[in-house]
Amino acid sequence: MIKKIYLAGGCFWGIEQYYNLNQKIISTNVGYLNSKIDNPTYKDVCNNITDAVEAVELTYDDQVISLNEIIDLLFKVIDPTSINKQGNDIGRQYRTGIYSRDSNELMAIQEKINELQNNYSKLIQTEVMLVDNYYLAEEYHQKYLEKNPNGYCHINLKAK
């Protein structure tokens, strides 16, 4: 079945490109998730007036790749114990999270996070929440690292 999941882990450019490099993923786009204001802009998000998180909407076929595999991949490139920071990206918009529009799916995600907690001495800070809203980011953010291969990325994509 074709499904969508929303992931956050620092700057959305890197997370999007990381999953775009995976042949099992159908498509991605980047946006602002769970904003307190309608139609936020990048400037709004950076000025801390939205409480939105930079996120990637990931479309996948659960017969090809499981949600648990997607979460395992995310945890390979984030520090889930860090609060509002990934690499050089600092701010609430850079928090880590896994978001769904399905409350039953949230329970499965939380179970997976509880299992992964055994691998960490510090508490996992990754949010697990329902999607309240999701606004596409500006076009120049979409597939940014494909358009700008030498652009900034907090993930070492060459090592992946």
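Each residue, glycine too, has its Cβ placed from N, Cα and C.
The active site annotation in Swiss-Prot covers Cys11 and rests on sequence analysis. All protein chains included, Cys11 (active site) registers 24 other Cβ atoms within 10 Å of its own Cβ. Cys11 (active site) falls within neither a helix nor a strand when secondary structure is assigned with DSSP, and so counts as coil.
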